[in-house]
Every structure is written in C-alpha cells, then in structure tokens.
Amino acid sequence: MRNYNIVPDLLSWNRLLHHFNSAGLVDQVIVLYSDMLSCGVTPNVVTRNIVVHSLCKVGKFEKALELLRDNESDTVTYNTLMWGFCKIGLVETGFGLLSDMLKKGILIDTITCNVLIKGFCDEGLLYNAELVMEMLSDKHRGVYKDVIGFNTLIHGYCKAVEMSGGLAMRERMKREGLSPDIVTYNTLINGFGIMGNFDAAKCIMDELSASYNGENKGLVVGDSGLEPNTITYTTLISKYVKWFQFEKAFSAYEEMTRRGFFHDIVTYNSLINGLCKCGRLHEAKLLLDEMRRVGVDPNHVTYSTFIHHLYKNMAEKVAANFQGQIVIRGVSFDVVLFTSLIDGLFKVGKDREAKDMFQTLLKSNITPNHITYTALVDGHCKSGDLKSVELLLQQMEQKGVLPNVVTFSSVINGYAKSGMIDAAMEIMRKMVSINVSPNVFTYNTLIDGCFKAGKHNMALALYEEMQSNGVEENEFLLDTFVNNLKKLGKMDEAEAFFMDMVSKGLSPDRVNYTSLMDGLFKRGNESMALQLVDEMKEKKICFDTIACNVLLNGLLGIGQYEVQSVYTEIRKFGLVSDIQTFNSLINAYCKEGKLENAVKLWGEMKSYGIIPNSVTCNILVKGLCEVGDIEKAMDLLTEVVTIGFHPSPDIHKIVLDAASGHRRADIILRMHERLVGMGLKLDQTVHNTLIVVLCRLGMTRKAMSVLKNMRERGFSADTTTYNAFIRGYCKSYQFQKVSATYSEMLAEGVFPNVATYNTMLGSLSAVGLMNEAAELLNEMKGRGFVPNANTYDILVSGHGKIGNKKESIKLYCEMITKGFVPRTSTYNVLILDFAKVGKMRQAQELMHEMQARGVIPNSSTYDILIVGWCKLAKRVELERSLKLSCRSEVRKLLEEMKDKGFTPRENTLCYINPAFSKSGENDTEWWLSRWRKTKQS
C-alpha cells in the first residue's frame with residue numbers, strides 16, 4: 001500500500017500498532033507511529049494509548065508523559081502511565097498523576113484504583129494500598145471496591161508473610177458484600193505455603209472443599225460453592241516441593257487424581273522442578289515418562305528445567321540429549337529455552353557455544369529478555385570478559401530491555417571478583433540512577449568484594465549505607481561477614497556481628513553456625529565452638545555432613561582428643577561419612593604419626609563405596625613421605641592408578657620434596673620418571689617443580705637439562721623457572737650467572753616478581769654487598785615493585801650484620817610504618833647491634849616491642865641479651881649498683897629461658913661465670929647444676 005502511495009486509514013494504523021505492541025515489538029511501534037505522522041494521518045486517543053503503553057514497557061517515561069500532556073488523553077492513558085510507573089517501583093509518581101486527572105476532569109475508575117493498589121502492594125506499602133482503596137472508592141462516581149482489588153491486597157499481605165492481615169482482608173471483603181473467589185483461596189494457600197505453614201494451608205483447603213460440599217454455608221455468598229481447581233492443587237504441590245516435602249506433594253498429586261482433576265503441564269513441571277533441585281534427576285525422568293504416557297506433552301519449561309539442572313550437575317552429554325529430543329519432538333525454542341541453554345553452556349565452560357546459541361536466538365527472530373541478558377552478563381563476568389559485559393549493557397539499552405537488580409548484581413559480582421571495586425561501585429551508582437534499587441544480594445556481593453580486595457573500611461561503610469536504605473540483612477550477608485572477618489583473624493568482630501544479627505531477629509541457619517564454629521575452632525576457642533554445637537541442638541538445627549566435618553576437624557585440630565573416639569561421637573549424628581570426613585581422619589592420623597591407622601582407613605573408605613580423591617592421595621602420600629617411606633607412597637600411587645587416578649602436580653611436588661632429602665639427583669629424577677610412567681601430565685608446573693627442587697640443592701646443571709627438555713616440549717621458561725635458577729646460583733654465590741639469568745629473563749619478556757628481587761637481595765646481603773643491594777632495590781622500585789616484609793627483613797639484617805646500625809634502624813622504622821612485622825631473626829640482628837655497644841636498655845626495649853607485635857623471641861634472642869648484660873656488668877667504670885642491676889637482668893632472662901625450655905649456648909655460659917660472684921663458687925657450674933636439676937624434676 002505504501003509503495004503505491006496509498007495511505008492506510010486510522011483504523012488500519014491502530015490495528016497494526018496494536019499487533020506490534022502485543023507481540024512485544026515495541027521498537028516497531030515507535031517507527032510505525034512516526035511513519036503514520038509523516039503520512040499526515042492524525043492519531044486519536046486510541047493510537048496514543050497504544051504508543052504510551054509501548055513506551056512504558058521500555059521505560060521511556062519522559063516521552064510517554066510528553067505524549068500525554070501535549071495531546072488529548074483519557075482514563076486509559078492515565079491508567080496506562082500509572083501502570084508503567086508502578087511496574088518500575090515509582091508508585092508515588094504514579095499516584096501523583098491523580099491530581100492531574102482531577103484538574104482535567106478525567107474520570108477515575110475502578111481500574112485506576114486497582115492499578116495503584118497493586119503498585120503500593122508490590123512495594124510492600126500495604127497501609128498506603130488500603131488507604132487508596134478507601135480514598136478512591138465512591139459508588140456515586142462509579143468506582144467500586146471489587147474482588148480484584150481485595151485479592152490484590154490479600155496477595156500483598158501474603159507476599160509480606162503477614163498472613164493474619166490476608167485473612168482479615170478476606171473477612172472484610174465478605175463484610176463489604178463481596179464473595180471470595182477461587183483466586184482468593186488460592187492466594188491464601190500460596191501464602192501459607194511460602195511460609196511452610198502447611199497446617200494452615202490445609203485448613204484453607206478444607207474450607208474451600210466444605211464450601212463446595214455445602215458444609216459451611218457462611219463461607220461463601222451465592223448459591224454455588226467454590227471448588228478447588230487444578231491451580232489450587234498445583235499451588236499446594238509446588239510449595240510442598242519448595243520445602244522438600246515430597247511425600248506430601250505426591251499425596252496431594254494422588255488426591256488430585258482421585259477427585260478427577262486433570263494433571264496439567266504446570267503440575268508436572270512443579271514436581272519435576274522440585275525433584276531436579278534436590279538432585280533426584282532419575283525420579284524426575286520417570287515422571288517425564290509418565291507425562292508422555294498420559295498424553296501431557298512436555299513443553300519448553302519442562303525441557304528448560306531438565307537442561308538447567310543437568311548443566312548445573314555437569315551432566316553435559318545428557319543435557320545435549322535432551323536438546324536433541326526438543327528438536328525431534330518439534331517443541332518450539334522460546335526465549336526461556338534458549339536462555340537455559342545459554343546459561344548451561346556457560347556453566348560447563350563452553351563460552352563459545354553459549355555465544356553462538358545467543359546468535360541463533362537472534363536469527364530465530366526471538367527477542368531476548370532481561371533474563372537472557374542476565375545469563376549472558378553472568379557468563380561473561382565469570383569468564384572475566386568484562387569488556388563484553390559493557391557492550392551487552394549498551395545493547396540492552398539500545399533494545400529497550402531494562403536491566404533488573406539481578407542483571408546489575410551479576411555485573412557488580414564480576415567486577416568485584418576481579419578486584420575492580422571502583423568499577424563495581426560505578427555500576428551500583430548507575431543502577432540507582434535508573435531507579436533500580438540494590439537489594440541485599442547486591443550489597444552482599446560488593447561487601448564481599450571489598451573484603452577480598454583488602455578494603456575493610458569500605459565494606460563496613462557499604463553495610464552502613466545498606467542499613468540506612470532500609471535493606472534488611474539475611475543469612476547470606478551474615479555468612480559473608482563471618483567468613484571474611486574469620487579470614488582476617490578478627491574473630492571477636494565476627495562473633496560480635498553474629499550476636500548483633502541474632503539480636504535484630506535474624507535466625508542464623510546451619511551454614512552460619514558452621515562458619516562461626518569453624519572460625520572459633522581455628523582460633524583455639526574450643527569451649528565457645530562447642531557452645532554453638534549445643535545451641536544448634538537446642539534450636540533443632542540439623543547437622544549436615546559439612547557441619548559434622550567442621551566439628552571433627554575442630555576437635556582433632558586441638559590435639560587433645562583421640563581420633564577414633566571423636567569419630568565415634570560424630571557418627572552419633574546419624575550422617576553418612578563423606579570423602580571429606582575420611583580425609584580429615586586420615587590427615588589426623590598422619591599428623592599423629594599413626595601411618596598404619598591412616599592406611600587402614602584408606603582401605604575402609606573404599607568398603608563404604610567412597611572413592612579416594614586427589615586430596616586423600618595428597619594427604620597420605622605426604623604423610624608417608626614425611627616419615628621417609630617414599631616407596632610405600634609410590635606403591636599407594638600405583639594402586640590409585642588402577643582405579644583411574646593419575647598423579648597430580650601436587651603429588652609430584654610432595655614426592656620430589658621428600659626425595660630431595662637424599663640430596664641425590666639420580667633419586668629425584670628416578671621418582672620423577674616413575675610418576676610420569678603413572679600418567680603424570682608433563683606440563684609447565686611439573687617441569688618447574690623438578691627445576692625448583694634441583695636448583696634448591698644447587699644442582700643447576702641438571703636443572704638446565706630439564707629446562708632444555710621442557711623447551712623441546714613447547715613450554716617456555718616463566719617467572720617460576722627463572723626464579724629457581726636465580727635461587728640456585730645465589731646459593732653458591734655465582735653472581736655473574738645470577739646477573740646473566742636475570743638479564744635473559746628480561747630479554748625474553750618474562751616479568752620478575754618481588755620474590756626474584758628478594759632472592760638476589762638476600763644473596764648480596766649475606767656477603768655484605770649492601771651498596772649493590774641498594775642499587776638493586778632502586779631498580780626494583782623503578783620497575784614498580786613495592787618492597788614487602790621479606791624485603792625489609794633482608795635489608796635490615798644485611799645492614800645490621802655489617803654494623804650499619806643507622807641504616808638498619810631507619811629501614812626498621814620504615815618497615816613498621818608500612819604495617820610489616822619483622823621476623824625474630826631480624827629483631828635479633830637489631831638487638832645484637834645495641835648489645836654490641838652496651839645499649840642494653842634499648843636492646844631490652846626491642847625485645848619487649850617484638851613480643852608486643854606477636855613475634856616470639858627464640859633461644860638466640862636470650863643468648864644475645866644475656867651476653868650483652870654480662871659484658872656490661874664487667875665494665876670497670878660501672879657503679880656497683882648498676883652491676884647488680886645487670887646481674888639481676890641476667891637472672892630474669894635465665895629464668896625466662898628455663899620456663900620456655902631453651903638452653904643457653906656454651907659461649908653464653910662462659911660469660912655468666914665472670915659476671916657473677918657468689919662466695920668464690922663457680923657460678924657457671926652452680927647455674928648448670930640448678931638447670932639440670934630443674935629439667936630432671
């Protein structure tokens with residue numbers, strides 16, 4: 001028509017606009033409307049209502065408002081715009097349009113009232129919703145309270161889990177002369193089901209049945225009663241499934257069958273979804289077969305459910321089989337099915353296939369929705385492709401698909417996990433700017449990211465912001481705080497946060513209790529951890545295998561309990577031991593040196609049908625290697641090879657570290673070859689481990705031949721490789737080779753790290769070449785590397801050993817300022833510096849400072865101080881009172897040494913005798929005699 005310059009009439013334009021809008025093709029609505037105007041066709045109010053509706057769908061409210069205010073509008077126009085604002089949570093803005101309607105004399109109808117009621121209910125503002133009903137209802141103006149309005153309010157109360165309010169609203173509905181319909185009852189059943197209060201849900205169901213059978217005439221108005229329908233039963237079944245009450249779900253299913261109700265696709269999908277969620281995929285497949293037998297064809301939701309859970313369980317081949325069935329049975333691929341496939345492919349690491357599937361969706365003329373984009377965003381975030389995420393957000397904006405809180409939370413999660421906290425914060429600011437409110441999961445993701453990035457204060461600030469915005473905490477947030485504070489060693493703060501959440505009415509779940517218990521055990525607070533166990537029992541919080549394993553590890557970690565007795569007590573919880581349980585027990589036996597028991601347990605676990613995993617092998621092989629029984633470890637590895645395991649790089653490292661104790665290259669290389677023969681994959685890590693072990697023993701020539709072999713296999717030397725050779729050459733002070741290796745490393749484009757420089761600095765410091773060390777430090781800083789605690793330890797010790805006390809103290813102060821804590825050996829060097837020049841008060845003060853920082857003095861620390869005080873006491877010019885004070889300090893230090901189980905060196909004892917004068921008695925012998933007697937007692 002247009003090609004022939006025939007202009008369609010207004011009715012034709014409106015029909016076409018309506019069809020495009022109904023099909024969700026809102027972009028075409030705007031194009032068509034523009035074309036209509038360019039043809040000179042004057043739109044009417046119906047036209048504008050369709051356009052306003054399409055603009056509201058894509059969130060273009062400014063244009064919708066402009067259209068409303070600049071043209072003739074009616075009740076439908078305002079109702080549509082109110083619906084749009086309410087849909088995105090701007091119910092107050094929608095409510096504000098009422099005044100405009102009143103000014104223009106536009107009628108308010110029952111739909112206006114119900115749209116606003118729903119808007120306020122969706123935001124949880126139930127009091128406001130009731131107020132709107134009372135304020136707008138006016139029989140004289142034709143605005144009536146209807147069943148839809150009451151049902152919306154009842155749904156609002158059920159959603160807010162305020163069931164008493166929902167029941168009260170039903171009674172009020174009856175008082176207003178309205179009959180509750182099946183939707184009313186189904187809503188109440190759904191509400192009680194959400195809470196898990198199935199006794200109350202059953203009561204509502206009984207009322208419904210009684211009203212139908214005429215047993216309770218007061219419940220309904222009218223001649224005919226109400227009857228439970230398919231939706232009633234399906235609602236109840238879905239809630240039973242949600243709470244994993246499958247017996248009750250199938251009982252309701254059978255009752256439904258007895259009463260002659262047809263099991264529709266929704267009923268079956270509810271049961272299948274529940275079975276899949278708890279991993280009962282086999283039973284779900286049997287139900288699928290039953291569906292087909294009774295003539296209910298699986299739809300895209302059925303297949304989407306299976307595909308989603310199969311991919312989640314990494315059953316990739318079975319998922320592909322289901323995809324084939326979809327094609328064979330002619331089930332149309334819709335946006336939900338495509339989204340499940342895209343999400344699933346990302347989950348199994350098939351990013352390329354997931355992206356191709358999205359392109360197939362677009363080629364099929366299916367419009368992706370915000371869930372599809374969320375799956376894409378989440379997949380790209382998890383694979384670290386954040387540039388593509390930005391492009392996807394732009395694409396969503398261009399297509400008018402509004403990102404929701406889940407989409408934004410996925411993006412924030414991606415940035416947070418990559419440590420890009422500033423970018424994550426910017427995304428949150430953007431979501432707020434388009435009126436998408438962050439929820440507890442958004443904040444939780446960002447708070448967790450801040451903790452992991454070391455931004456403790458920012459995490460706390462976000463938590464305060466969350467509270468001020470009225471977002472309530474949940475058990476996931478509690479777990480984030482407990483876990484992160486636990487990792488930071490701030491168990492006092494973790495406990496305080498836990499108790500604060502409990503005081504606010506949050507009920508910690510099993511995971512929360514388990515996390516806190518784990519932290520308390522690791523801190524050594526056994527009594528508090530066991531109190532939590534009692535608390536869980538009191539609250540009837542069931543222990544799962546993970547909680548039992550934490551308890552097992554905690555009690556065994558204390559070292560005060562016998563392994564078998566702890567295991568016997570844990571078994572009383574009635575849970576089946578898993579691989580982690582056995583790994584913990586085997587590890588405990590290995591730590592106690594009871595390798596026979598550990599090996600015996602290895603045999604027992606197989607009798608339970610539990611296959612040892614790589615962790616089991618690592619523990620037992622390490623235990624055997626530590627006691628020098630490498631051959632037995634190799635025999636064990638030979639056994640696991642027969643059940644399909646192959647030695648891992650971790651096993652390779654454990655065995656080679658043990659073999660290096662012989663300090664013979666032939667033994668090390670033989671063990672390496674045996675492991676390769678067992679199926680060890682020769683990769684970069686394995687080659688590097690062999691090179692590191694050989695270089696550590698100074699066998700750099702042998703390591704060089706390994707490097708040659710490694711390169712022949714197509715692997716290039718990396719930072720670990722070069723660091724190993726630099727360490728090997730430093731060990732024998734071959735500085736020319738160190739320099740050559742470092743230069744080669746840079747020439748090959750391999751980046752050094754702080755460990756590279758620390759190794760070279762340590763070697764230079766050991767031989768007193770501190771000027772060269774200073775030059776290397778400057779080069780290190782010039783390349784953007786920040787000295788760490790080890791760097792400072794090396795430099796402080798190096799300057800101290802050559803007597804450069806001024807520089808060593810300067811570096812020590814710099815180290816402390818940066819938050820690093822020196823090692824005991826570093827403190828010993830500094831203390832020795834002061835002791836050499838007789839500044840014993842300063843030396844003693846340093847010892848007190850090191851203890852205050854949590855650094856434990858060793859035997860050498862005491863030797864240095866005792867000798868220093870003894871030397872000071874020998875000075876002729878020293879007054880008698882000061883000499884006595886020096887001897888008093890020596891006695892105190894000797895007593896401390898005795899209490900700690902340290903023994904003074906012979907050299908130290910030689911200094912003690914001249915420093916003491918005890919009636920001609922040889923004080924050294926006297927003190928040694930005392931020492932021996934004390935130790936014997």
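Any Cβ shown, glycine's included, is placed from N, Cα and C.
All annotation found in TrEMBL is predicted automatically rather than curated by experts.
Annotated features in TrEMBL:
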| type | residues | note |
| --- | --- | --- |
| REPEAT | 9-43 | repeat 'PPR' |
| REPEAT | 74-108 | repeat 'PPR' |
| REPEAT | 146-180 | repeat 'PPR' |
| REPEAT | 181-211 | repeat 'PPR' |
| REPEAT | 229-263 | repeat 'PPR' |
| REPEAT | 334-368 | repeat 'PPR' |
| REPEAT | 369-403 | repeat 'PPR' |
| REPEAT | 439-473 | repeat 'PPR' |
| REPEAT | 613-647 | repeat 'PPR' |
| REPEAT | 753-787 | repeat 'PPR' |
| REPEAT | 788-822 | repeat 'PPR' |
| REPEAT | 823-857 | repeat 'PPR' |
Sequence-remote partners of the repeat 'PPR' (334-368) [C-beta within less than 8 Å, at least six residues beyond its ends]:
24-25, 300-301, 303-305, 307-308, 310-312, 314, 316, 319, 323, 326, 375-376, 378-380, 382-383, 385, 399, 401
Within the repeat 'PPR' (74-108) only, compute the mean pLDDT.
89
Among 181-211, 439-473, 823-857, which stretch has the highest count of C-beta pairs below 8 Å with the repeat 'PPR' (229-263)?
181-211
With helix taken as DSSP H, G or I, strand as E or B and everything else coil, how many residues of the repeat 'PPR' (823-857) land in each class?
26 helix, 0 strand, 9 coil
Can you tell me how the residues of the repeat 'PPR' (439-473) break down into helix, strand and coil by DSSP?
26 helix, 0 strand, 9 coil
